[in-house]
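Novice: Sharing a structure, written as structure tokens. Questions coming.
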């Protein structure tokens with residue numbers, strides 16, 4: 001296969017592909033042209049010759065199985081290694097000598113081309129060109145003509161940035177699909193490596209390339225000005241911008257000033273219509289080779305311009321996909337809409353499922369209630385029954401007999417305690433003392449008034465509101481006297497006491513007054529006997545002391561004590577013993593944890609703990625005008641001096657340390673006079689002598 005010839009000799013035949021063959025080869029059932037054009041014009045009716053009729057080939061021919069006729073034929077030696085496959089077994093293109101190609105180029109500019117250009121390059125060509133300009137500036141490589149074999153990917157041209165064949169510095173790969181001109185490749189340095197490789201099947205015209213250092217022009221080119229490149233005389237006023245500034249297309253004869261021709265046919269356009277993505281030229285030359293774009297347009301990598309609104313719209317408008325590169329990931333609106341609708345549907349299904357579940361549950365419960373049995377109703381009635389009253393309430397109401405060691409406090413007893421507290425507060429004027437009792441504050445009053453426990457039975461002796469609860473054998477004629485005695489002792493001007501007295505006479509919860517319960521009367525203990533003896537001796541000592549001092553003291557002779565008064569005195573005596581026991585218990589318990597007792601802290605104005613559950617404790621002291629014997633209760637119930645000695649008595653008087661001031665509010669219970677600073681209370685000194693005996697009697701309990 002030679003290159004195309006304008007004309008063939010008179011004794012030759014011109015093939016359809018431009019190839020010339022001898023006239024004798026025409027219509028010989030062999031494809032010498034390569035495109036079967038020498039056999040298509042023949043109108044032979046006879047069958048092609050068989051292999052048995054094949055004649056030997058001449059010396060300047062070779063035997064080959066034709067690719068077109070599928071029969072053996074004789075081909076000329078000139079068809080071997082011509083780049084065209086004539087034999088079916090590729091025998092005419094095998095073991096061909098490859099011409100030497102490639103060159104080392106060291107100038108600022110130059111040209112190179114493929115082997116046999118503009119003829120077909122030999123099959124299997126393998127050439128390498130090394131361009132080293134010796135300058136650090138870029139090298140511009142331009143392919144003015146490029147045509148490779150289009151039968152496959154076998155023929156290619158690889159361009160590297162530098163002289164080494166480094167895959168990481170590969171600038172571009174050109175194949176038969178890039179068969180258009182011009183093609184421009186720019187390196188980052190002054191060195192480029194160009195490698196051309198062709199397969200052994202078929203061939204093409206090849207390529208022609210030029211190179212130059214950036215800023216220099218070839219001898220036959222005209223500079224565009226500055227670093228805008230160069231153009232040739234043939235490119236002048238051809239309607240195609242070869243210079244970015246359009247210098248090769250300006251001031252053309254067929255256009256006015258500042259206008260550019262669309263082509264050589266005389267149509268022109270202004271600069272403002274250049275590269276605005278609107279074709280003003282019939283051939284669209286005003287939108288080709290755009291180095292810059294008008295405002296509002298996007299410049300593509302292939303030197304085209306598109307609208308900026310078309311960038312990142314999921315459509316390739318540039319043609320090379322450059323308008324869709326580096327776009328942010330945006331979820332489409334239809335995807336969001338589908339997600340919202342799906343969520344609503346799922347929520348609706350969930351609501352329906354919950355509604356069905358509740359409905360099934362209600363139906364199930366209704367069905368279960370419809371099959372309710374008698375036993376289930378009985379169980380429900382048992383579960384809904386009211387809780388029975390407590391054991392203490394039954395004992396207080398008199399429905400059941402009391403049990404030993406079971407603490408019982410009836411409403412009448414509670415009223416007695418309240419009367420005691422109110423009477424001491426209103427008549428005697430003692431300040432209430434708040435004792436922080438921590439965990440024992442809830443039952444301190446029960447311990448005070450239930451202290452006198454029977455040694456034999458172990459039950460507590462309760463303070464009764466009525467005298468007949470203690471001694472049921474007393475006659476009814478003494479009832480007014482007892483009531484009078486109580487009124488004189490507890491003369492409290494409050495409605496609560498009257499209401500409480502009236503309530504004791506009213507009917508109980510069961511429709512009447514509760515029947516009196518049998519109470520165990522404890523025998524006279526050693527403590528009571530000792531307290532009585534101490535009281536009588538204290539009275540005699542007090543009288544003797546007054547006589548020695550020579551003071552005019554009016555003695556009050558106590559009247560004879562009736563049995564009712566004796567009972568009340570016994571009750572108050574037991575209450576006094578209970579208060580003393582509390583004092584003793586508090587002093588003993590506090591001595592383990594701290595050196596100073598809670599009573600000493602109270603006397604010094606220091607409280608042990610700021611607890612919310614404090615007990616308000618009153619210190620009752622009977623008045624001297626009482627009409628019964630109070631000798632047993634002459635000492636203060638919480639006498640701090642008996643436990644702490646004389647050291648605790650000093651804070652009571654700042655002027656006279658040796659005399660203990662009387663904190664009484666009224667006449668003395670022993671002598672009947674009002675003690676002041678001029679009239680010292682000598683009764684207290686007599687009381688101090690009996691403190692030791694009282695403490696010993698208290699320890700017997």
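Every residue number used here counts from 1 along the chain in the order it is shown.
Glycine is no exception: its Cβ is also placed from the backbone N, Cα and C atoms.
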Novice: Region 'Disordered' per Swiss-Prot sits at which of 620-642, 643-665?
Specialist: 643-665
Novice: According to Swiss-Prot, which listed range is transmembrane segment: 314-334, 335-355, 356-376?
Specialist: 335-355
Novice: For the candidates 283, 483, I need the one that Swiss-Prot annotates as N-linked glycosylation site.
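Specialist: The residue tagged N-linked glycosylation site by Swiss-Prot is 283.
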Novice: Looking only at the domain 'LDL-receptor class A 5' (292-328), what are its DSSP counts of helix, strand and coil residues?
Specialist: 6 helix, 6 strand, 25 coil
Novice: Using a Cβ-Cβ cut-off of under 8 Å, list the residues of the same chain that are 6+ residues beyond the ends of the domain 'LDL-receptor class A 1' (7-43) and lie near it.
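Specialist: Distal contacts: 1, 49, 66-69, 71, 73-76, 79, 84, 86.
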Novice: Between the Cα atoms of residue 126 (N-linked glycosylation site) and residue 251 (N-linked glycosylation site), find the distance and write it as a whole number of Å.
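Specialist: With distance taken Cα to Cα, residue 251 (N-linked glycosylation site) is 46 Å from residue 126 (N-linked glycosylation site).
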Novice: May I ask you to report the DSSP-based helix, strand or coil state of residue 283 (N-linked glycosylation site)?
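Specialist: It is coil.
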Novice: What three-state secondary structure does DSSP assign to residue 251 (N-linked glycosylation site)?
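Specialist: Going by the DSSP assignment, residue 251 (N-linked glycosylation site) belongs to neither helix nor strand, so it counts as coil.
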Novice: Identify which of the glycosylation sites 126, 208 has its Cβ surrounded by the largest number of other Cβ atoms within 10 Å, counting every protein chain shown.
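Specialist: Per the Cβ count within 10 Å, the most buried is 208.
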Novice: Counting only residues 6+ away in sequence within the same chain, which have a CB under 8 Å from the CB of residue 283 (N-linked glycosylation site)?
Specialist: 239, 262, 263
